[in-house]
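Enquirer: Sharing a structure, written as structure tokens. Questions coming.
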Amino acid sequence: MMDPVTVGALSVVAIFVLILAGFHVGIALGAMSFAGVYLITGKFRVAASILQTTAFNGVNDYIFAVIPLFVVMGLFATQAGATRDLFDAAESLMRRVRGGIGVATVMANAIFAAITGVSVASAAVFSKLAIPEMDRLGYNRRFGLGIVASSALLGMLIPPSILMIVYGVITEESIGRLFAAGIGPGLLVAGTLSATILLMVRLNPALAGQEGHVAARAREPRLSIILKIWPIFALIGLVLGGIYGGLFTPTEAGAIGALGALVLMVLRGRFSGGGVVEILLETGKACASIFFLLITAQMYSRMLTLSRLPEALTEWASALEVPGIVIILSFILVLLILGCIIDSVSIMLLTMPIMVPLAATFGYDKVWFGMIAILTIEIGLLTPPFGMVIFAMKASLPADVKIEDIFIGVAPFFAMLFVALALIVIFPQISLFFPKLLLG
């Protein structure tokens, strides 16, 4: 048998080596977790038994049903035409403002985030909705691409968020509190992006092309738009209001939301048997990947516990006698780098079992740190060379749109996202105000 702490450290290094070599994150986690437990215990049968039990218990909990329920709610709402209606409503509200289409995109993304909870989905949907309209108005192409890419991050930051659910599962933190905590940072990021758009257009009016001078496309009366979007707001209010009001659990809220979105799809004449089957299959594919990662992440967490690596790192960090903020900033750097390489759920599962205990050692609130981690990971998804949000956009856009145009377009918004992140780090109440207000 080897020293447990050494085994834990070598296993973590080996996991990252395997990921960089092209192995699936879940396979790397599972293989190295088994190898680590075997080296710690020295017994093959014991290692197999521990990981078998961990795998069974990994997702054998009522709370895990919330993930497919929120995914299917978002897909049903999208099929019902919610995104088109939200964009039209926001555009109607901002039509007289120079740069208004850009701000409307941010607003619609923020509201859509309260339905879908996935950044990549937001990027794909609004690439098809907002970019053609911006092109028609003569917007600078890179400017428009940057708006859509940066505002897509709201999908994971505004509740309900799949990443918040995963974080809550890993840290055993209340998902309801995490949802409430996302409101402040979500509004801050949306406001920061909107202000950036308006400032850039004021400094360089050519970015907004001929907006205000090109004939407006035919629009429905505002009353008609309001009648279309009120069911969407009612659905969001029912789901989130029910959670914050203690009427039902997040899982029950997901079920009610999915049913409500299905009813909306039926009432709007968008229901079809084939469409529902396709949505369920898409949900199954997405959630199968997430659940596989969750199972192997539980194995990884169990291996780390047996190795006592988190405790050793905590003792080491305490002995350094450095300010806690230095540890937080180092975590932010690591999360940004990982965001360039792998997806957000995998980053969360790989890093939080080590980072959260260390942050707690310095007295930092887990909910506050969760908001920092989520926003940092999402910013990483805009970072070359493998920004997942960027590539999701590219797949949804015409062939003449170059990937480098998206990366260049997002650069000024990327900088402002760091401003928002800094404010969340400096002022914890941005994240903690709403949990205290809504949940006590």
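Cβ atoms are placed via backbone N, Cα and C, with glycine included.
TrEMBL feature annotations, pasted as is:
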type: TRANSMEM; residues: 12-41; note: transmembrane segment
type: DOMAIN; residues: 12-430; note: domain 'TRAP C4-dicarboxylate transport system permease DctM subunit'
type: TRANSMEM; residues: 62-81; note: transmembrane segment
type: TRANSMEM; residues: 101-131; note: transmembrane segment
type: TRANSMEM; residues: 143-170; note: transmembrane segment
type: TRANSMEM; residues: 182-204; note: transmembrane segment
type: TRANSMEM; residues: 225-247; note: transmembrane segment
type: TRANSMEM; residues: 253-271; note: transmembrane segment
type: TRANSMEM; residues: 283-300; note: transmembrane segment
type: TRANSMEM; residues: 320-338; note: transmembrane segment
type: TRANSMEM; residues: 345-362; note: transmembrane segment
type: TRANSMEM; residues: 368-393; note: transmembrane segment
type: TRANSMEM; residues: 405-430; note: transmembrane segment
Enquirer: Would the transmembrane segment (345-362) count as touching the transmembrane segment (283-300), if touching means at least three Cβ pairs under 8 Å and pairs must be 6 or more apart in sequence?
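Expert: Yes, these stretches are in contact.
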Enquirer: May I ask whether the transmembrane segment (12-41) has at least three C-beta pairs under 8 Å with the transmembrane segment (253-271), counting pairs 6 or more apart in sequence?
Expert: no
Enquirer: Taking the transmembrane segment (405-430) as the reference, which of 12-41, 62-81, 182-204, 225-247, 283-300 gives the largest number of Cβ pairs under 8 angstroms?
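Expert: Between the candidates 12-41, 62-81, 182-204, 225-247, 283-300, the best contact partner of the transmembrane segment (405-430) is 182-204.
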Enquirer: How about the transmembrane segment (101-131) with the transmembrane segment (12-41) - do they touch, taking at least 3 C-beta pairs under 8 Å (6 or more apart in sequence) as contact?
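Expert: When sequence-distant Cβ pairs are counted, the transmembrane segment (12-41) does not touch the transmembrane segment (101-131), since fewer than 3 lie under 8 Å.
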Enquirer: Among 62-81, 143-170, 225-247, 283-300, point out the range having the most Cβ pairs under 8 angstroms from the transmembrane segment (182-204).
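Expert: Stretch with the highest Cβ contact count: 143-170.
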Enquirer: Can we call the transmembrane segment (143-170) and the transmembrane segment (283-300) in contact, meaning three or more C-beta pairs below 8 angstroms at a sequence separation of 6+?
Expert: yes
Enquirer: Restricting to the same chain and to residues at least six past its boundaries, which positions have a Cβ under 8 Å from a Cβ of the transmembrane segment (62-81)?
Expert: 115-118, 121, 125, 160, 162, 165, 168-169, 175, 232, 235, 239, 249-251, 253-255, 257-258, 260-262, 264-265, 268, 270, 275, 279-280, 282-284, 286-287, 290-291, 294
Enquirer: Do any residues of this chain, six or more beyond the ends of the transmembrane segment (283-300), have a C-beta under 8 angstroms from a C-beta of it, and if so which?
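Expert: Long-range Cβ neighbours of the transmembrane segment (283-300): 15, 25-27, 29-30, 32-34, 51, 54-55, 57-59, 64, 67-68, 71-72, 75, 162, 166, 169-170, 345-346, 349-350, 353.
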Enquirer: Quick one: average pLDDT across the domain 'TRAP C4-dicarboxylate transport system permease DctM subunit' (12-430), no decimals.
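Expert: Across the residues of the domain 'TRAP C4-dicarboxylate transport system permease DctM subunit' (12-430) the model's pLDDT averages 86 on the 0 to 100 scale.
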Enquirer: List, by number or range, the same-chain residues at least 6 past the transmembrane segment (320-338) whose CB is under 8 A from its CB atoms?
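Expert: Distal contacts: 347, 350-351, 355, 358-359, 362-364, 369, 372-373, 376-377, 379-380, 383, 421, 425.
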